[in-house]
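The structure under discussion appears below in the form of structure tokens.
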Amino acid sequence: MYISSPHTSHFTSIDRSPAVVSESDRSMEEAAAAADMNGGVHQSRFRRVCVFCGSSSGKRRSYRDAAVELGKELVARKVDLVYGGGSLGLMGEVAEAVRNGGGHVIGVIPTTLMGKEVTGETVGEVREVGSMHERKAEMARRSDAFVALPGGYGTLEEVVEVIAWAQLGIHAKPVGLLNVDGYYDFLLAFVDKAVADGFIPPSHRHLFVSAPDAPSLVHKLEEYVPV
């Protein structure tokens, strides 16, 4: 575990190169050819997946179970986790699941939240930044795809922002909602309403995918073709 301060002049523990999957070195065809069939799970075409989620666990056990299942799915596919750096709630659940499975965890957290979202030992490598804006930008830069578990205002803002970035052509990375027990039905209904009323182009309804469980969602992310 290594914590970098925003005042640290040189951070060597984490590779700063963008986590971009190029057509030349990590194409879908190569990923399929290099499929890891252990447990019937294919190795992913992603190096790192960013997970947005709550610093609370929610009232349903299914939310925590989904976070753990997602972490195990990433480990099975040999995908690193990028997340908000906290040890509480669903953030802690998914990070612990990845670390306990032998996967690599990269957390990005503002200095002001260290005392609020971290208790005890941090999970994996922690990159400490100066602001929420830096946190979101760094998480996005390091990731090849995005997943939103259930969460509150912060989670909703984070996932909607990366969908908006896709709409603006800022990135072409897959975005997925892990719709546990219909948690994101309201957001799906909102998007359908916005499309019907002319605020979102029909083609942009497909800027993200959703599924009720981690294996199904990750499969959709793997198959995603940018709009």
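Every residue gets a Cβ built from N, Cα and C, even glycine.
Among the features that Swiss-Prot reports, substrate binding site is placed at Glu117, Arg135, Lys136, Gly152, Tyr153, Gly154, Thr155, Leu156, Glu157, Glu158, with the record citing similarity to another entry. Look at Swiss-Prot and you will find 1-15 tagged as compositional bias 'Polar residues'. The region 'Disordered' annotation in Swiss-Prot covers 1-26.
Within 10 Å of the C-beta of Glu157 (substrate binding site) there are 13 other C-beta atoms, taking all protein chains into account.
Note on Lys136 (substrate binding site): other Cβ atoms within 10 Å of its Cβ, all shown chains, come to 21. Within the same chain, residues at least six positions away from Thr155 (substrate binding site) with a Cβ under 8 Å of its Cβ are Phe52, Cys53, Gly54, Ala148, Leu149. The number of other Cβ atoms within 10 Å of the Cβ belonging to Tyr153 (substrate binding site), over all protein chains shown, comes to 8.
DSSP assigns Thr155 (substrate binding site) to a helix.
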